[in-house]
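**Q** One structure follows; several queries about it will come next.
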Amino acid sequence: MTTDFLFPKIADCSYVSCYCEENVWKLCEQVKRTRPEELSKCYAVFVSNEGRTVPLWRQKAGRGDDQVVIWDYHVFFIHNPLLNRCLVFDLDTTLPFPTYFHKYVTETFRSDLALRPEHHRFFRVIPADTYLIEFSSDRRHMRRPDGSWIKPPPSYPPILSNSNMHCLGDFICMSAGKGPGAVYSLSEFVQNFYKSPHVMAQNNK
């Protein structure tokens, strides 16, 4: 794998546990600042479903040999620069940073066929430039009823758009036609971003 990555080292990336939506926003911001010509090829991807119960494997917070965890939602970053190359940058995975799309999807999501329908995963894919403009969160979802934090927040101020409204729910929602970007099932997501060996060979001729 080439070493010409958007983010040379995972240690150089902004990261706070349990704030994946903000971690990915910071990745988008970093690309805009350091590699602006690549921003149009980058995406923020939310994974969730109606019941907000999505199993993911190979996660740092996971348990057992397979490191599986059930999240209410998760967010990761995609760089799709070429017809034969698509990379996933996930700050919470135990897979390499980055990982080729096919390997990431195969090991992180496996298949919906063996899962109950209520655990099927859906994906909201948002262009990075759109995400930088429209995402807004006052972090209310991380507070208990008494106002204390479920998990310590990032040290920087909340990310608020010009509307100054908390809209995290619009990104987690997996209803097609609502919210920014496009919503895909797992199979549709793979069809849109997987670069098959045949396509790679054709483009390398």
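Using the three backbone atoms N, Cα and C, a Cβ is placed for every residue, glycine included.
Here's the feature list from Swiss-Prot:
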- C20: active site (ACT_SITE)
- H74: active site (ACT_SITE)
- D90: active site (ACT_SITE)
**Q** To the nearest whole angstrom, what is the C-alpha distance linking H74 (active site) and C20 (active site)?
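**A** Per the Cα atoms, H74 (active site) and C20 (active site) stand 7 Å apart.
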**Q** What is the Cβ neighbour count of C20 (active site) at a 10 Å cut-off, with all protein chains included?
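**A** Total other Cβ atoms inside 10 Å, all chains included: 22.
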**Q** Just name the most isolated of the active-site residues H74, D90, going by other Cβ atoms within 10 Å of its Cβ.
**A** H74
**Q** Tell me whether D90 (active site) sits in a helix, a strand or coil according to DSSP.
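**A** Once the DSSP labels are grouped into three classes, D90 (active site) ends up as coil.
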**Q** DSSP on H74 (active site), three-state: which is it?
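**A** Its secondary structure by DSSP: strand.
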**Q** What does the structure give for the C-alpha distance between C20 (active site) and D90 (active site)? Integer Å is fine.
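**A** That separation, Cα to Cα, works out to 9 Å.
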